[in-house]
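S.K.: Handing you this structure, nothing more for now.
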Amino acid sequence: MSWILLIEQTLNGLQFGVMLFLMAAGLTLIFGVMGLINLAHGSLYMVGAFAAAAVAAATGSFVLALVASLVAAAFAGVLIEVLVIRRLYDRDHLDQVLATFALILIFSEGTRWAFGSFPLFLDRPEYLAGTVTLPFGIEYSKYRLSLIGIGLLVAAGLFWMIMRTRIGIRIRAGENDREMIGALGVDISLLYTLIFALGAALAGFAGALIGAIQSVQVGMGEPVLILAFVVIVIGGIGSIKGALIGAVLVGLTDTLGRFLLPQIFGLVMTPSAATSVGSSLASMSIYILMAGVLLVRPKGLFGGA
Amino acid sequence: MTKETLLNAVLLCLLLAVPLIAWVSDEPFIITLTTRAVIFAIAGIGLNFALGFGGLVSLGHAVFFGIGGYVMGILAYHAQTYTPLMEWPFAVEGTKSMLIVWPVAVVVSGLAALAIGALSLRTTGVYFIMITLAFGQMLYYFTISWSTYGGEDGLSIYVRNTFPGLNTMDPIQFFAICYVLLLIVLIGVHCAARSSFGLMLRAAKQNEERVQAVGQGPYRLYLIAFTISGAITGLAGALFADLNRFVSPTMLSWHTSGEIMVFVILGGVGRVFGPVAGAALFILLEHSLGGLSEYWHIYLGAILLGVVLFARGGLYGLLAGREVAHD
Amino acid sequence: MGLHKFALAASAALFAAGAQAEGLKVGMITTLSGGGAGLGIDVRDGFMLAVEQSGRSDLEVVIEDDQRKPDVAVQLADKMIQSEKVDVLTGIIWSNLAMAVVPASVAQGKFYLSPNAGPSPLAGKGCHENYFNVAWQNDNLHEAAGAYANSADLKNSFILAPNYPAGKDALTGYKRFYEGELAGEIYTKLGQTDYASEIAQIRASGADSVYFFLPGGMGISFLKQYADSGVDLPVVGPAFSFDQGILQAVGAAALGVKNTSQWSKDIDNATNTAFVESFEAKYGRLPSLYASQGFDTANLLISAMGKADVADQDAFRSALQAAEFDSTRGDFAFGPNNHPIQDIYVREVVQEGDVFTNKIVSVGLKNHSDAYAADCKM
Amino acid sequence: MIDSILETRGLTKRFGGLVASKAISLDLRQGEIHALIGPNGAGKSTLIKQIAGGLQPDEGSVHFDGKDVSKLSTAARARLGMGRTFQISSLAMEYTVLQNVVLGALGHRGNVFWFFNNVMKDAELLETADAALTKVGLEDFRNFRASDLSHGQRRQLEVAVALTLDPKAFLMDEPMAGLGAEGSQQLIGFLDTLRHQAPILLIEHDMDAVFSLADRVSVLVYGEIIATGTVDDIRTNSDVRNAYLGEEGAA
């Protein structure tokens, strides 16, 4: 095992992490401000990817496809917020889990009905194809490097928005005291819709970005959804900072776990047994990480006291 | 007789009458379908014990359902291949007798619930939901890569387990076994709900502070409720595996957890008979919606959404009104 | 479980005739909803095309969706047998569903014709006289890939597959014929969508080629990411990741990849040419491997119907065993364990106009049977 | 000290920079009503939480019935005999009045882990429960849901549940809050007799109640006890006048 390989794997973990962050940020904002568990967040990811694939096929432009993913996911977000989600803010978590579980069923089969059962094609733009050579002679995919950049940029933008802008102040106020911001004359239901649309747009954006190097298909949002939940739970629900750190932690654990665990077991076992045991453990690693974090800190790394 | 008691009686009679009519008119598939509803009902009753009585929203109950299934699958697999389950420290043989499989399934899934509960109950609220989900995923991926017992392919058991004096491969006889178990579980849960434990547990769901002020720690109450809940769901898992003569990791997927929760909500959270009504309704919906369209999940989702948004309290809330405080 | 009743009408004559007593009823359990529905839809469409072309009024097909859930499939099999009283079952796509359904169904005296899955237990110790596999034993395409690697002078392969039984069978199959060294062997998580880590290991391993078995969306993701990684070692895979249904989603990333298949749309025989034409005319898309398997399955059944009544089980079984039908694959015969003996081709992904598809470049294994037949005691 | 059932020694609790309890030492003696008064925000609730067990002090200890209970949970302290009522009614709202008091009786008796008895048919528990209801005058409301009770009735029910615990001391957090004049008078009369059953640590805003009931009064201001003494001592204490009335009061 060379250091270069380890660095490359760390970059891969980072890239996976920042993409998870795009998903997790919306999820954690929505929970922090509205107190809502949204299982349908993965469906918004899927909506973004499908919208991007459809627009890319029609226009051939990746940038337009990304814009489409933002718009479509935000639109879908507003739609379900107005029709369904806003009735759930005052309900207990159980009702929220079930209602949004129902939304998953509707979204998945609805997308299949609209786009068919076969995966769609979405490709990275030609100018991001291929690799670049980083210091130490590491050859790394241009597109993945761009993903890391975009992800960090979005993260910085989010932090700026929350810390510096008027809407950010309202969001933070909303996290602390819901009645209070209502009393201060802020239009709560508009604020909630906006936050939900923002979270949805981020999810859709992530769907499009990832869709370009994966397969755009029905159900693609669910594995990501569960990972995003793991992320925000590790980070502490409601904390954007926690979401970022949790996302990177999960990204690194998963990537490096898949890479290192079979090798570690290889030191004490036969190669095939090590591959098998190591892979099994690697697929459980992030859940073990999450359970471990919660046992030490029952409200996540950056959760309230 | 209250409305609720009447509804309970009607429900139990219907569940008995449908397969009997199907038996007379030689429609064995209807019997199988009803058996499925009965087994789902038991799983739902299990979850309801934690969710309805203790307020513990577990999104990982598929684990116990799956463990029950795998207990049955593994015991039967060793019995049908004539290989011992383990040889050290003492030899254990597989078995195909339901009378042994059930208690083992109940004990193993109960112990799993005890362990998972002991860890998970350190958290509350959303964190509890998510940590149960995490344990669910952990075991799901474990079974997928557990190649000794088929991994993702699962385990096929070619013939159902045996019960003294009955032919379990006959749909109506297998139904009878499940139905009687349902009755036993119902009676047990009904008693437990109004027992000392039940009173204290349901009080903890309403107000933990109150329970502490009368000198009881909620943690122990929750943990025992969670253990019993897991054990009941495990029993359902063993029956389900026997019904299908097959177990696979699908039983442990988070979709299964979601579905078990759906039974409870459709019927009515916290009502002893709620999950029975919920499971029956679910099977009925599946059966009738499936014929409508290839995209029937859309309708299922819409109905579920409607229930959550507009018919709180589920079927029981709709038909029997608010729960009578005590009789 | 979705109790779909896709109209079973093979032809209008079906309703008119009403002479069902002498007819044959087929229960098709396949995946029509959720992820992976594309495969089931292709099998169904291929099968129904053959039924329609036969014009037989005494063949009734009941189709149900298993949602890719084993318990639902078992439930549907019960329904088909107990309630619909079908004579023959078919349609299952996935090995794990087949393992759940097939043994119990054949034990109840039904015939089962597999249009896709071929798990090894059913080819070996668990074989059954009423179980016929019309596609391949799971290892076959991988074995051919191993053989191809030898002929292409590949000496140091990096191989990967998901960590589940079919994945392990795949790599075992490849290694059974492959004679070179292994630069690495990885089992990935089932359903995994990001392969950056694996690709980095491939890059670092010093391999001269890559063999992978990643069905469905997993393969799409892998190929796109692989093409983007700058690693340009030759890739070999089984046809599953290069079939007509998903090639469009992979796009140019798949161009030039060698893959092994028992069927290709350019196999030169009259049956195949007619099949490809009529499939495209009827459904507006090119047929896939799965469609061809569905089509062959139906034709095998129809050929047996022409020779024997299904009520006479022994005669009907012999008729099936004879496999006297015009296969889209050309020569086709059953081995002693009722699994195919057939040629397995090496194909290459090419672009024809806007469409990505495959063309045959060589024969990987001639008249290939499977490794488990010896274990089968019928 | 022998007749002190409850004693705090140097309880200190900080929230960030704010000192909510500053080295609080007080005791509750057999047979007395010890009232704790103080302006809003003085830290009364913080103090009672530390005594009852919801909150761990940063320094100091709580002694009950001769034992250091500082490390015990709320439930364990309740089992030792702390009978608590809450400022905001804390009842099982979906339960009936009777179920709430049976709950108290059951909690006190223990043996909670019975799964097959019908707890509402347990003669022993019902007897305790009915006695408590009769004492507070709720016997006619046995089958009302707690959520259907009036505000005053809920306060009475809180006291009834505390009674079923047969406590060695009562901790009552503003039991008069929200009661009308008549209700307050009844409750004052009742508490007056209750002190002989077990002493009461009474946190109360209603000064009439405090001055007519309390044997001793402690005054808590900004987390600190500025005075403890009889009603008359407190009335004349200049620090107290200062705290309540400002500078001119002290003059």
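Each position is counted from 1, following the chain as shown.
Cβ atoms are placed via backbone N, Cα and C, with glycine included.
For reference, TrEMBL lists these features for the protein:
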| type | residues | note |
| --- | --- | --- |
| TRANSMEM | B:38-57 | transmembrane segment |
| TRANSMEM | B:62-79 | transmembrane segment |
| TRANSMEM | B:99-119 | transmembrane segment |
| TRANSMEM | B:126-144 | transmembrane segment |
| TRANSMEM | B:172-193 | transmembrane segment |
| TRANSMEM | B:219-240 | transmembrane segment |
| TRANSMEM | B:260-285 | transmembrane segment |
| TRANSMEM | B:297-319 | transmembrane segment |
S.K.: Would the transmembrane segment (B:172-193) count as touching the transmembrane segment (B:126-144), if touching means at least three Cβ pairs under 8 Å and pairs must be 6 or more apart in sequence?
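M.R.: No, since the transmembrane segment (B:172-193) and the transmembrane segment (B:126-144) share fewer than 3 Cβ pairs closer than 8 Å, they do not count as touching.
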S.K.: With the transmembrane segment (B:99-119) as the reference, which stretch in B:38-57, B:62-79, B:126-144, B:260-285, B:297-319 has the largest tally of C-beta pairs below 8 Å?
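M.R.: Counting Cβ pairs under 8 Å, the winner is B:62-79.
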S.K.: List, by number or range, the same-chain residues at least 6 past the transmembrane segment (B:38-57) whose CB is under 8 A from its CB atoms?
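M.R.: Sequence-distant neighbours of the transmembrane segment (B:38-57): 15, 64-65, 121, 128-129, 175, 178-179, 181-182, 185-186, 189, 192-193, 198, 201-202, 204-205, 221-222, 225-226, 228-237, 239-240, 243, 260-261, 263-264, 267, 269-272, 274-276, 278-280, 282-283.
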S.K.: Can you tell me which recorded stretch out of B:126-144, B:219-240, B:260-285, B:297-319 has the most Cβ pairs within less than 8 Å of the transmembrane segment (B:62-79)?
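M.R.: Out of the listed stretches, B:219-240 contacts the transmembrane segment (B:62-79) most.
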S.K.: Within the same chain, where does the transmembrane segment (B:260-285) have neighbours whose Cβ lies under 8 angstroms from its own Cβ atoms, ignoring anything closer than 6 residues to its ends? I mean 6 or more beyond.
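M.R.: Residues 4, 7-8, 11-12, 14-15, 33-34, 36-38, 40-41, 43-48, 51-53, 59, 61-62, 65, 182, 186, 189-190, 193, 202, 233, 300, 303-304, 307-308, 313-317, 320, 323.
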